[in-house]
Structures are given as C-alpha cells and as structure tokens.
C-alpha cells in the first residue's frame with residue numbers, strides 16, 4: 001500500500017506541474033488570440049452581431065484595407081440571447097469592441113454603462129442621416145451608436161386582388177377599416193391583414209405612428225406615457241377591428257402566415273422596410289402581385305409613419321482599439337460598397353442618405369408592382385415623428401404581448417391591457433431606481 | 001426498509017478506543033482518499049456548489065440605476081428583498097399555478113399510460129415486443145425543441161390537422177395547457193415504459209408462477225404482484241417527473257413563437273429566463289431560481305417520504 005501512495009504522490013506532483021504548464025500554455029495561447037494586432041500588423045477589432053450578411057460586409061472591409069482587421073462572432077438574435085450575451089460580457093468586462101444594438105435596445109444597453117460616448121467622433125456625419133435615425137442614437141443629445149439601417153413601417157398589399165375588386169389603397173385609418181370590410185365582402189374567407197398580438201415591437205411601431213412617444217427625457221427624469229392619447233386611440237381602433245372579425249390576430253412570419261399570404265387568405269401586411277426582404281424570401285414565386293404604400297395615417301393633413309426595428313452599432317466603453325472600431329463602423333454605416341454587397345442577399349434601407357441613392361440603383365426592383373419601393377420608403381422615412389425609447393423597452397415588448405394574450409379569448413381589451421402595461425412600466429422603472437414621472441409633458 | 005439496520009461495531013465500541021480495522025498510516029491513507037475523491041469533489045464544487053453559492057449571493061443584491069440610468073448600475077444589498085418581490089409578483093404565482101395544473105394532469109396520465117404499456121409488454125401475449133417497445137420509445141429520442149416544433153406545426157391552423165380535430169383550440173388561451181401535456185406525454189411515456197418494463201423483468205418468475213397456481217388471472221397478477229414489486233421504481237419515476245414538470249421550459253418556449261397564449265412568464269423557468277435575459281434583473285432571477293430549487297427539493301423529499309411509508 002505504502003509504495004503505491006508514494007508513487008501516486010509523485011504522479012500527482014508530476015500531473016500537477018504538467019497541468020500548470022498546460023494552463024500557462026493555454027494562457028499564452030489565449031492572450032495571443034486577444035492580442036491587439038494581427039501578424040501582418042493590422043489592428044484587431046472584435047465585433048458581435050446577429051445581422052444577416054455581416055460576414056460578407058466584414059470580408060469586404062478586410063479585403064479593402066490593411067490597417068484594421070475585423071473579427072466577427074455571430075451571436076443569437078436580440079431577444080433570443082444576443083442582448084443577454086452582450087450584457088453579460090459588459091458585466092464581466094470582456095465585451096467585444098463593437099456591440100450590436102438596435103435603436104429600440106440602445107437605452108437598455110446604455111443602462112449597463114458599457115457603451116462609449118461617440119458625440120465628438122461622429123459630429124461630422126450629423127447631416128447625412130435620416131433625422132429619425134440620427135435622433136435614435138442620440139436619446140439625450142449625446143451620440144451613443146452609429147446608425148446602420150432604418151426601418152420605417154409600410155403597408156404591403158396584393159395589388160392584383162385590389163385591382164380586380166376595385167379596392168382603393170387606404171390612405172387613412174378610417175379608409176383602412178372600409179378596405180378591411182371590402183376585402184371580407186369580396187372573399188369571405190380572406191382578411192386584409194393580421195394584427196400580431198404576440199409582437200410588442202409591432203404595437204410600439206403602430207403607436208409611434210400615432211405620435212405619442214412612450215418615453216421622453218425631461219432633464220434628469222424619464223417621462224413615461226405608454227397609455228397616452230395616441231396609443232389608446234391605436235389600441236381602441238384595433239380592438240374594434242379584431243372584435244368585428246375584420247382582421248386576424250395571429251403572428252406574422254410563421255408557416256401559417258406564409259401559407260396565408262401565398263394562398264390569398266391575407267391580402268395585406270403591415271410591415272416595415274425589412275418586410276421587402278421577408279416577402280421576397282417567403283413567397284419568391286409571387287412576383288408581380290404585391291405593391292407597397294406608406295402606412296395609413298390618422299390625420300391626412302399631418303401624415304405620420306411609425307418605425308419597427310432598425311440596427312445601429314455601439315463601441316464598448318472598455319475597448320482599447322476604439323479608433324479602429326470607429327474606422328470600421330464609419331465604413332459600415334456610410335460606404336456605398338456596403339450597399340452593393342448587401343443588395344446581393346437583401347434589400348438594404350440604409351440610414352445614411354447618400355447610400356440610399358446607391359440602394360435605389362443596385363437593388364433589383366422586379367418583384368413588386370406599383371410605386372417604386374424606395375420612393376415609398378423614402379416618403380415613409382420622411383414622415384417619422386419624434387420618438388424616444390426607454391431603459392426597459394425590450395422587457396416592455398414581452399409585457400405587452402403577455403397583456404395582449406387574453407384579448408383573443410375576450411379576457412381583456414387592448415386599451416385596458418395598455419393601461420395595465422403603463423402602470424407596470426412605471427413601477428418597473430421606479431424599482432430600478434430610475435427617476436420617473438408618469439404621463440405626458442406638462 | 002422493514003429490517004432494522006444492524007448495529008455497527010462503530011457504535012458498540014467504548015469511547016476513546018481506536019477504531020478497529022483502521023490503523024493509522026501517518027496521513028498517507030487520507031492522501032490516497034483525497035486523490036481518489038478529488039476529481040469528484042472538484043467537479044461537485046465547480047459545477048454545483050459554487051454556482052449555487054453564487055446564485056444565492058446574487059439573489060441578495062439588486063442593481064440600482066439613478067436618474068436616467070446612463071451612468072450604469074451599482075449593486076445594492078437588499079437582504080431578502082428579491083425573494084419578497086418574486087413571491088409578491090402575480091406573474092410568478094400564475095406561473096406556479098400553471099405548472100401545478102400541468103403536473104396534476106401530466107404526471108398521473110403519463111405514468112399511468114407508461115405502466116399499462118409496460119405491463120402489456122411484460123405479459124406474454126404481446127408479439128413483436130422489440131418493435132413495439134422501440135416504437136413507443138422513439139419520441140424520447142427526438143430533442144425537446146424539435147418535438148415542440150413538430151407539435152406546434154401540427155397545432156397551427158391552416159397547416160396542421162389538429163386545429164380542426166381537437167375539441168379544444170390547441171393554441172388558444174385555455175388550450176395551451178392540454179396541448180403542452182400532449183407534447184410531453186408523447187415524449188416521456190416511452191422512456192418511463194422502458195424503465196418500468198426493465199423493473200418488471202426482475203420480478204421473480206416463481207412468484208408469478210405461485211400466483212398463477214393460486215388461481216390469479218393476468219389482471220390480478222399484474223395488480224397484486226407485479227405493481228407492488230416495482231413500486232420503488234415507480235416512485236423514482238414519479239420524483240423525476242414531478243421535478244421535470246416544475247422545470248418545464250423548452251416546449252412552452254417553442255410554443256411561444258406560435259401563440260401569444262403562452263406568456264413570457266408562463267412557467268417558473270420561463271419567469272427566471274425572462275427576468276435574467278430580457279429584463280436583466282439578475283437578482284430577481286436568482287431569487288426565483290433558488291425558490292424553484294427549494295420547491296423541487298421539498299417536493300422530492302415529500303414523494304420519497306410517501307414512498308417509504310407506502311412500501312412499509
């Protein structure tokens with residue numbers, strides 16, 4: 001027994017020193033990986049993103065110059081884990097140099113204290129962006145991210161069926177209700193559109209179009225107004241359409257939805273600029289049927305158009321290569337080459353206005369009929385009213401869809417649900433220690 | 001369980017006397033023991049105890065922002081504040097209610113079917129035993145996410161047939177509970193059937209023969225001989241199923257993208273997920289996790305306790 005124990009002690013020591021060496025080797029290897037320059041002397045910049053085709057943009061950038069080498073890690077999309085991963089990385093002080101933020105998630109990420117202020121660095125670009133996108137990265141007058149694309153909402157419709165039945169494209173929400181009735185009359189099994197009750201960001205976009213921002217910044221205080229006049233008007237309007245059976249209320253993007261828009265059970269879609277790509281991908285063979293229009297408006301004399309989604313990129317507060325990261329982001333945001341690369345797999349709608357002119361030229365426009373897609377989206381983007389996202393907006397989307405769950409069974413109505421969400425939004429923010437005031441500006 | 005544990009030498013030896021059969025070895029034996037137990041202890045420490053300790057630590061703090069929140073958060077020690085918040089949160093109580101309702105239907109239904117199938121399989125009347133058991137076992141091999149997707153498509157209107165066939169709306173407000181029970185029962189019945197069947201194979205054949213000689217039919221034999229013999233196995237399966245029900249997560253998460261009726265906090269696990277990864281409230285998520293773990297432990301202890309009393 002004793003010799004064995006002796007042996008095992010020696011073996012243990014050997015094993016221990018071996019694993020220590022291994023650990024040291026691993027550490028060297030790791031630090032080698034995170035070294036700030038590549039073998040060829042380019043500055044290494046790490047980016048996390050879930051944007052489709054980001055690998056192609058990065059490859060194009062890396063091929064075009066030698067000073068900066070960007071390394072991409074594709075992460076899960078936004079609320080499917082992307083934000084969680086980025087927030088955790090910021091907490092653990094190992095965030096990548098560039099973080100993927102959307103306008104709607106920017107403030108929530110800002111509240112982790114992990115983003116670098118870019119006010120000075122981007123001041124020269126101020127004039128080039130769609131104003132609403134520029135405001136989206138400057139919630140408090142300081143710039144926190146670089147805008148990438150912009151996503152004004154738009155109304156997509158089956159032009160062939162509309163023409164066949166002599167239905168006009170609705171310009172106001174009042175007309176929209178008549179259109180919904182006309183569609184049901186023309187084809188009793190069909191509806192004009194669906195109002196996806198399980199999508200909080202969709203409802204936010206619809207409320208944005210009604211013109212009452214859910215959050216405002218007043219000095220050092222958040223003004224929270226989720227149940228403002230415009231939002232309640234939107235909620236009551238859709239409650240009426242759902243109760244009357246004029247629209248569906250199931251989600252979009254599902255197999256059921258794709259089958260519905262392909263087979264003519266749905267004649268329209270309330271979507272955003274990125275729905276151009278969604279439609280082309282979901283029903284590629286339905287060429288020449290669909291057209292695009294700006295969103296119906298509440299007041300024809302003051303047309304307003306909401307926004308759903310849109311991407312921007314931030315730089316980590318702790319990044320040691322912020323300059324190089326900025327070089328890449330400026331290229332990504334404003335270089336015409338990005339649009340050319342992007343047009344090969346999607347229909348980009350850049351926030352940078354000169355790039356949009358490029359997109360108009362290079363994106364094939366043969367799928368849609370009716371008004372040119374970029375004309376309509378430009379018009380929609382120009383109609384976008386002021387809006388500020390809040391520090392709990394992502395969580396609020398979940399709260400909204402939870403609150404809307406009982407609408408289908410008649411357990412609640414949209415306006416009632418919205419009022420409940422307002423009070424829980426306020427108490428959530430107070431719980432987090434934020435300075436909050438309820439209601440609209442005095 | 002009915003036999004008293006034999007008194008050990010340890011207990012009868014006078015105090016102070018050296019333990020027999022355990023000579024001192026100048027610390028070498030402990031070293032060997034340490035070496036052998038080391039890997040396990042390290043793994044236990046690194047993957048169970050430290051994470052639990054850290055979750056406990058996290059659950060006592062909360063992040064506070066100030067003003068607009070742009071300066072980043074600072075941690076505040078709140079004692080048991082997070083626990084009070086979780087218990088006072090209607091959404092959490094609803095989620096507990098949901099899994100309780102789910103477990104009440106799923107546990108007896110699934111275990112009942114599994115037991116009946118195992119007994120049928122064990123009776124000599126079944127032909128093609130292996131094909132049959134493989135067919136029932138197959139759903140268990142399908143990963144939870146895939147199973148959720150398959151069923152979600154089956155439930156979807158216009159795509160799957162079930163919307164028209166089922167007496168309830170499978171994705172509607174009151175329909176998601178039976179829909180979920182269907183998915184998980186489909187998934188787990190085969191697995192538990194195999195466990196029961198394996199246990200049934202160990203029932204002594206002479207006992208079964210004796211029962212037959214005494215005039216017991218197949219039903220009587222199954223109920224009075226086979227089931228009592230494998231009772232411990234049934235209770236172990238019961239404990240696992242109850243814990244699994246409490247931790248229900250994957251299937252409702254998948255169904256969420258098909259219907260708004262499964263809310264973001266529909267089960268306690270979803271509640272934890274939502275608090276941690278969407279609302280970024282780690283303190284509250286940790287507190288809810290600790291409560292969930294505590295509830296699992298208590299329930300398992302209760303079930304084991306009942307099983308011990310029953311088999312006496």
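Each Cβ is built from the backbone N, Cα and C atoms, and glycine gets one as well.
Range annotated as transmembrane segment by TrEMBL, chosen from B:77-98, B:99-120: B:99-120. Taking TrEMBL as the reference, the stretch among B:210-229, B:230-249 described by the feature transmembrane segment is residues B:230-249.
Residues 99, 102-103, 106-107, 110-111, 114-115, 180, 184, 188, 192, 195-196, 199-200, 203, 267-270, 273, 292, 295-296, 299-300, 303-304, 306-307, 310-311 of the same chain, all 6+ positions outside the transmembrane segment (B:230-249), place their C-beta atoms under 8 angstroms from a C-beta of that stretch. Highlighted: of the candidate stretches B:31-57, B:132-155, B:175-200, B:175-200 has the greatest count of Cβ pairs under 8 Å to the transmembrane segment (B:99-120). Tertiary neighbourhood of the transmembrane segment (B:31-57): same-chain residues 286, 289-290, 293, selected by CB-CB distance under 8 Å and a gap of 6+ residues from either end.
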